[in-house]
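Report on the following structure.
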Amino acid sequence: MEDGNRSFTVDEALVDMGFGKFQLYVLAYAGMGMVAEAMEMMLLSFVGPAVQSLWNLSSREESSITSVVFAGMLVGAYSWGIVADKHGRRKGFIITAVVTFVAGFLSAFAPNYTWLIVLRCFVGLGLGGGPVLVSWYLEFIPAPNRGTWMVIFSGFWTVGTILEASLAWLIMPSLGWRWLLALSSIPSSLLLMFYKWTPESPRYLILQGRKAEALSILEKIARTNGTQLPKGVLGSEMETEMEETKSHPTENTHLLKPGEVEEAPPPVSKIVLKPDSKGPLLVLLSPELIKRTLLLWVVFFGNAFAYYGVVLLTTELKTSQNSCYPTEKELTHSSNDVNYRDVFIASFAGTFSILISSVLSTSHGHSVIWFFGFGCRGLGSDI
């Protein structure tokens with residue numbers, strides 16, 4: 001087949017162009033989103049005790065400040081994925097960034113407990129869209145490098161936790177929790193500032209039949225990386241498979257009889273655009289994906305349960321309150337009681353697990369990384 005008639009997919013183009021400057025720009029932008037999410041989650045360890053002391057809240061009311069964030073994330077995790085699939089990755093993560101920034105910043109001005117609960121719930125709703133930004137990032141990374149660069153990308157979570165612990169250490173004793181909430185929303189605002197320079201995912205565009213836009217972005221990647229696109233015509237995976245089947249008949253290929261006319265295949269766009277006609281959740285629970293779906297659910301549930309349990313418990317593990325049955329006086333504490341040094345050390349410990357995971361990802365595969373990350377998540381990593 002001539003090169004002019006050859007088709008190549010987005011993934012094939014990314015592999016041929018390799019990892020370069022363009023991917024580093026994407027990594028920096030998506031990493032800022034990861035830092036923003038980590039800081040918004042980490043500050044829960046500091047705001048609860050401070051607000052409890054200020055507003056005389058019960059232990060249940062203090063816990064609700066954290067619980068509503070996770071409740072919002074539960075709703076957002078499903079909702080923003082649908083938005084990103086229908087309207088694009090860029091629109092999906094910019095909406096989540098706006099919600100997170102506005103709600104997070106306004107939380108600093110909450111006049112009472114009720115308003116703080118509502119605003120933090122909206123913060124959780126925005127944070128639930130974090131996987132949209134991760135998907136956008138990975139769709140620019142060449143397939144052979146995704147494992148390694150996903151581990152490196154996860155390191156931005158550790159950076160966010162270290163920044164938040166440092167910020168709380170400096171801000172909370174003197175300025176208080178309102179300043180901490182306001183300053184912690186700055187990374188989300190940076191996503192809004194640099195949004196206009198972010199491209200749409202070429203994979204999303206090609207699935208929507210917008211080949212010209214996808215090709216334009218791939219050409220920009222090639223120019224930035226100093227490489228060239230593969231020879232041929234950009235096509236979807238479905239088109240490429242159909243082309244290969246037609247060019248290389250197999251024993252199952254239907255042979256035309258003398259005088260028989262080959263029927264035209266259905267439009268590719270109809271084939272591509274309707275794989276999720278049953279709904280995204282039902283697709284995940286289909287016989288082909290049910291095992292992978294359940295495995296991921298179990299891994300992520302256990303990972304999040306252990307990690308956030310340790311992180312949110314860190315501020316309670318103080319030398320002055322290490323008894324199993326604290327007294328009434330010990331239950332009422334202020335922000336000055338928090339040992340910021342211990343929280344900082346616990347956050348910084350995640351750096352070591354990221355370094356080890358980076359090495360393991362290139363030599364032992366992703367399964368080992370999952371196992372190692374599950375064990376080290378409590379140290380502050382987000383593998």
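The backbone N, Cα and C atoms fix where each Cβ goes, glycine too.
Some features that TrEMBL has for this protein:
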type     : residues : note
TRANSMEM : 24-44    : transmembrane segment
DOMAIN   : 26-383   : domain 'Major facilitator superfamily (MFS) profile'
TRANSMEM : 64-81    : transmembrane segment
TRANSMEM : 93-111   : transmembrane segment
TRANSMEM : 117-138  : transmembrane segment
TRANSMEM : 150-171  : transmembrane segment
REGION   : 244-263  : region 'Disordered'
TRANSMEM : 294-313  : transmembrane segment
TRANSMEM : 343-362  : transmembrane segment
Please work out whether the transmembrane segment (93-111) lies in contact with the transmembrane segment (24-44), by counting C-beta pairs under 8 angstroms that are 6 or more apart in sequence and asking whether there are at least 3.
yes
Could you give the mean pLDDT over the domain 'Major facilitator superfamily (MFS) profile' (26-383), rounded to a whole number?
75
Intrachain residues whose Cβ lies under 8 Å of the transmembrane segment (117-138), provided they are six or more past its termini:
26-27, 30, 33-34, 37, 40-41, 64-65, 68-81, 83-84, 89-90, 92-93, 95-104, 106-107, 110, 146, 150, 153, 188, 201
